[in-house]
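To start, the structure under review is shown below, and the notes come after it.
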Amino acid sequence: MIVFGLSGGAGSGKSTVAAMFAQSCNAAVFDADKIVHSMYSGDAIITGLVAKYFPDCICNGVVSRERLSKHFFSYGPLWLEFQSILHSIVLRQQRKFILEQGKIGRDYAVLDVPLLLEAGFWRCCDFVINVDVHKSLQWHRLRQRGLSEREIEFLLSLQMPRGSRRNFADFYVNCGGRKGEVLKSVLQIVGSLNAGRHRFRVARKKLAMRSALDRRASTMASA
C-alpha cells in the first residue's frame, strides 16, 4: 500500500484532494480533523484530557469546541502541553489506520492531517503531496470559515512557509482551479507511480529536512 500525506496551509484544499483520491482510486482517507472532532463529542479519554487542562470547555460532559478554540488562539504553555498529548493520540490512531488498511489490501491511503510536516506525521508517509492555492483565495476561504484577519495570520504563522513545504514535497497539486483540473493532477500522480517514476526521490529529501523539522517541532513544543 502506498501512503500519501497531504501538506498545505489552512484553506489550501487538502480535503478536496483527499476526496479526489477516494473517488478516483478508492483510497482510504485518514481525516485527522474529523477524528478529533468525533473524539471531542464522546471519547472519555479526550474529554478527560480537556477537563484536566481546560475545565471551562466541558459543557454537559461534551467538549465545547468554540471555547476550546479560544485557548488555541491564546497558545499558552497549557495549550502546547495539551496539544502535544493530543498529537500523540492522533498519531497512534493514524498508525492503526495504516495497518488496518494495509491488512485489507488497500492500494492507497491518504493522510489529511494539519501540521503534517511541522508535527512529524509525515514519517508514516511514502510520499508527500503539497497542496496549495493563491494566497488571496486561501484567505477568502478562511474568512468564509468565520476567522478574523488576526486569527488567519496567527494560524498561518504556525505552518511552514510555502516554499519550504513545496521543496519538501514529492508532488504538487494546485487546488485553485476547477475540480476536473485537480482530479487530473491526482491521476497524474498515481500514473507516475504506476509507471515506476519518483520511487527513489523521497528518502534523500526527507533525510535532508528531518533535522530542520525536528528543530521546529521542538521549538513549538517548548515555546
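Keep in mind that glycine also has a Cβ here, set from the backbone N, Cα and C atoms.
Going by Swiss-Prot, these are the annotated features:
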type    : residues                                 : note
BINDING : Gly11, Ser12, Gly13, Lys14, Ser15, Thr16 : ATP binding site
DOMAIN  : 3-204                                    : domain 'DPCK'
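What Swiss-Prot annotates, mapped onto the structure for a quick look.
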residue	record	contacts (Cβ under 8 Å, 6+ apart)
Gly11	ATP binding site	Val133, Leu137, Gln138, Trp139, Arg141, Leu142, Arg145
Ser12	ATP binding site	Val131, Asp132, Val133, Gln138, Cys175
Gly13	ATP binding site	Val131, Val133, Val173, Cys175, Gly176, Val182
Lys14	ATP binding site	Leu6, Ser7, Gly8, Asp112, Val131, Cys175
Ser15	ATP binding site	Asp31, Asp112
Thr16	ATP binding site	Cys175, Lys179, Val182
Where Ser15 (ATP binding site) sits in the secondary structure, as DSSP reduces it to three classes: helix
Chain-mates of Gly11, Ser12, Gly13, Lys14, Ser15, Thr16 with C-beta within 8 Å of site centroid, ATP: Leu6, Gly8, Val17, Val131, Val133, Arg141, Cys175
